[in-house]
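Structure first, commentary second.
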Amino acid sequence: MSIFEAILLTVITASTPLVIAALGELVTERSGVLNLGVEGMMIMGAVAAFAGAQTSGSPYVGIICGIAAGALFSLLFAFLTLTLVANQVATGLALTLLGLGASGMLGEPYVSVPGIRLEEIVVPILSDIPVIGHVLFRQDLIFYLSIALVIGVSWFLFRSRAGLKLRAIGDSHTSAHALGIGVIRTRYLAVMFGGACAGLAGAQLSLVYTPQWAENMSAGRGWITLALVVFASWRPWRVFAGGYLFGAVTILQLHAQAFGLGIPSQFLSMLPYAATIVVLIIISHNRRTTMINTPASLGKAFVPER
Amino acid sequence: MRIELEKRAEVSKLFAFVSPLLALVLTLAFGAIMFAMLGKDPVGSLDAFFVEPLLEVWSLHELAIKAAPLILIAVGLAVCYRSNNWNIGAEGQFTIGAITGSYLPIVFYDWHSPLVLPLMLILGALGGALFAAIPALLKAHFNTNEILTSLMLVYIAQLFLDWLVRGAWRDPQGFNFPVSRDFAPEAVLPAIWEESGRAHWAFIFAIIAAIGVWFMLRYTLKGFEIIVLGQSERAGRFAGFSSKKMIWFSFLFSGALAGLAGISEVSGSIGHLQPAISPGYGFTAIIVAFLGRLNPLGIIASGLVLALTYLGGEAAQLSLGVSDKVTRVFQGLLLFFVLSCDTLIYYKIRIVWSRLRSGAA
């Protein structure tokens, strides 16, 4: 395997959780709900996936546990913001704080326990293509899922009736309600889809990226995900491209550290966060285009008239 | 079963007062269940967590030490949140304040003068304010989401501190540990009442800040401006207030208080710089601000409650053998319950048991 292939492989591993979690948040936000709790749902997914894999001995059970943990945890957020119309920003923060605490507590028995890595699935024939074959067709299940999700979410939002309804709710919940679309129910489902994706992204962290459990191992990726959705102006394929851009920054930064450029490692570690800020500036400085792209009801509470 | 909300004609004054207390009770009830599930005696555990730390004088001092940064930061955040500016990066402003404030006692450690301490405090507040100026500038001029930028800056601040204590500011006599040299006695924030415990002046700063901001919000034009712009930017514009200037004001103000909290913590409690100087004070202060109803006097009370969760966590670790992560869980739960109980202030809640009955009515 060439160095080039090796770098590509690590970029993919670093990008996959970002793409998955951002796709989930994209669907949530398209329905008009701003869930800032991605970091919390992701870390809950990571710890649940690790625990599930350890107890059962199978990383696939771990994946299911991660998805379930993310979705269940997001229900808390949905109940508070949709049923009790609590402030979405504050509730999202609460979800993250609670997730970081609870995962630390639940994960304590698993610290420094050797993890189980999700094995690769080799696609016959295609994997024999030089360079691309090795990089794209000898991957773990979660990578294939991430590609399926990009295609699926994109199809759902722009080609299906349910997706049209979801976007309508995100743009004007009062009109959608008047048309008889179940605003609250759709939003519950959208939030849970976001939670499930964040949980799956967390599972990737503790089963593929670094197959082990460490406290706070999500390291701000949930927050970067939120920036990615803005960066992508709420479009699935741009989330995909953006996720890979950020994954590449993360990995090149690591390679630069190993290479020893004479720049202190801490400054290189700042790069993904600094890049997020720079990207946000570039994307949002044109007030008008952001206004057009943002779902119009994003972050606004909806109480049906009775 | 379904839950229906009905908007109250008027905001309930009763529930505005009761809801934080209700949230506390619910958190304790859930805490009891959690301890029971961990196989501990629930009553004894809650007693060890929330009551025993209050029974001794030295531990009341520790409470004041932990409450001070929480109150200082939360009071600043309350100004931000009331004006609808979401500064989530107080943890970073706290860290940078600690760094800029430590410049004198670390770089000019030979300079002994009574001026050192006041200058340190000023530098700390300035550092925090300057760091908060970054998200303010980006929000005011580039329309950038301040939640995300202020948060990204937390990671940058922590990495910068890490680099300083492992590199340029590492103590040459520190046996290669990543710590700076210890502050000289004139650079240490004095204790309030040395005979009985460690509590230092930061607590007094916190009380002064809370009362000052309470006065500002209630009796000054600036306070009125903050509240009007927070409730409706449009109404504020008609009144001739500038939301752009408010972004700057609220961020610089909260950043300065967070920076002051940072240098006070380092100078009063730790005595040198090290890679980790905060057990998440900047994030916990968000809970403090909400539990205190974004009211500075309420924040004094809620700061003490949240400080107790830190002390209780340490106690629980020693006496119950429970992980100190329990602290974070309690803090998160508390914020959840505060937010859900707040619904009662604006809405009547009705539980409808079946679809049919509500249709018939």
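The backbone N, Cα and C atoms fix where each Cβ goes, glycine too.
TrEMBL: automatically predicted annotations, no manual curation.
Record features, source TrEMBL:
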{"type": "TRANSMEM", "residues": "B:12-38", "note": "transmembrane segment"}
{"type": "TRANSMEM", "residues": "B:58-80", "note": "transmembrane segment"}
{"type": "TRANSMEM", "residues": "B:92-109", "note": "transmembrane segment"}
{"type": "TRANSMEM", "residues": "B:115-138", "note": "transmembrane segment"}
{"type": "TRANSMEM", "residues": "B:150-169", "note": "transmembrane segment"}
{"type": "TRANSMEM", "residues": "B:199-217", "note": "transmembrane segment"}
{"type": "TRANSMEM", "residues": "B:246-264", "note": "transmembrane segment"}
{"type": "TRANSMEM", "residues": "B:276-292", "note": "transmembrane segment"}
{"type": "TRANSMEM", "residues": "B:299-317", "note": "transmembrane segment"}
{"type": "TRANSMEM", "residues": "B:329-347", "note": "transmembrane segment"}
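Contact between the transmembrane segment (B:115-138) and the transmembrane segment (B:246-264) holds: at least three of their C-beta pairs are under 8 Å, each pair 6 or more apart in sequence. Stretch with the most C-beta contacts under 8 angstroms to the transmembrane segment (B:92-109), considering only B:58-80, B:150-169, B:246-264: B:246-264. Counted over residue pairs separated by six or more positions, the transmembrane segment (B:246-264) shares fewer than 3 Cβ pairs under 8 angstroms with the transmembrane segment (B:150-169), which leaves the two as not touching. The stretch with the most CB contacts under 8 Å to the transmembrane segment (B:199-217), chosen from B:58-80, B:150-169, B:299-317, is B:58-80. Within its own chain, the transmembrane segment (B:58-80) is flanked in space by residues 86-87, 90, 94, 192, 196-200, 202-203, 205-207, 209-210, 213, 217, 226, 250-251, 253-258, 260-262, 264-265, 268-269, 278, 281-282, 284-286, 288-289, 292, 294-296, 299-300, 302-304, 306-308, 310-311, which lie at least six positions past its ends and keep a Cβ under 8 Å from the stretch.
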